[in-house]
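So that you can see what the record holds, here are the features copied from TrEMBL:
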DOMAIN    12-39  domain 'C2H2-type'
DOMAIN    40-67  domain 'C2H2-type'
DOMAIN    68-95  domain 'C2H2-type'
DOMAIN    96-123  domain 'C2H2-type'
DOMAIN    124-151  domain 'C2H2-type'
DOMAIN    152-179  domain 'C2H2-type'
DOMAIN    180-207  domain 'C2H2-type'
DOMAIN    208-235  domain 'C2H2-type'
DOMAIN    236-263  domain 'C2H2-type'
DOMAIN    264-291  domain 'C2H2-type'
DOMAIN    292-313  domain 'C2H2-type'
Amino acid sequence: MQKCIQPGEKLHICVVCNLSFKQNKELMVHKRIHTGEKHYACAICNKTFKQTSKLQVHLRIHSADKSHVCDICNKSFTVKYNLIVHKRSHTGEKPYICDMCNKSFSQKHNLVMHKRSHTGEKPFICDICNVSFARKQLLLNHVYNHAEVKPHICDICNASFAQKHLLVIHMCNHTGKKPYVCNLCNKSFARKQHLVVHMDIHAREKPHICNMCNKSFTLNRYLLKHTLTHTGEKPHVCGICAKPFRQKHHLAEHMRVHTGEKPHACHICTKSFVQLSGLHVHLLTHTGEKPHVCDACNKSFTRKHDLIRHVQICKAKANFSNMEEV
């Protein structure tokens, strides 16, 4: 008996990675990921694309009127909204604030993705193994791992990569280029994330000062949270084990102890962490930076608590030496 086709059923299956599609044309476009074919070429600069939609977006570079100009750096944009977002890179404005941990973002979609780290939402699901992801790009990268597809090839040494940004990073090994430069100390990095981690080393202005202990903060809301350490108030209580916390996001992080969730994943080695601070410390193992330096002997450490332990050892040795001299 002939099988009845159900609405929404995906009949067109890729023989390489088993990913399925509702329409044959979707499958044909997908296959170019495996073959590396690029049928659509720009008539102006000859750059090629796998999909006509990608070519159409690219053509705006040549033809679009960029009438919206940044009055600070003269960079121009085709759409006014893109200029508004860009200017936030100069002003530091981050109007979209997470109501769970108060982390702020310059763009709304970044806040939406960030919130999934609190809710655990992972709407993008792999058809092959049912692993789910918070972002579509992470799912696409994962599918490449199933198929062992590496369509991005270095034209110098023929090394191949599943993801384009990995090829871009790899090319820096040949060119020596480090395009991400710290505007405070001019240190340069091959990867943007390494620069982000490095910027944490530089202390920012902290105008909000606690009138009890004189500790200072970059934002007033951080000062308000800090005052709870003096009052001892812990208003946020875990519903499972009744452990109290001063801040709401500390409770949210604690809940992962019960759920086992580790939402903060390293983009280099995919190791994941319960807390974002753990990821930041881990990233230093890739960059090789050791920002915490001992004032006594100049030995440096990746983690602050390693420095604290080292300083205690240094003091103990110094005290012992002084006792011997006496």
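From the backbone N, Cα and C atoms, a Cβ is placed for every residue, glycine too.
Heads up, TrEMBL stuff is auto-annotated, nobody curated it.
Secondary structure of the domain 'C2H2-type' (96-123) per DSSP (helix as H, G, I; strand as E, B; remaining residues coil): 12 helix, 4 strand, 12 coil. Residues 281, 284-285 of the same chain lie 6+ residues outside the domain 'C2H2-type' (292-313) yet bring a C-beta within less than 8 angstroms of a C-beta in it. Long-range contacts of the domain 'C2H2-type' (68-95) within the same chain, counting only residues at least 6 positions beyond its ends with a Cβ under 8 Å from a Cβ of the stretch, are 60, 104-107. This prediction places the mean pLDDT of the domain 'C2H2-type' (208-235) at 84.
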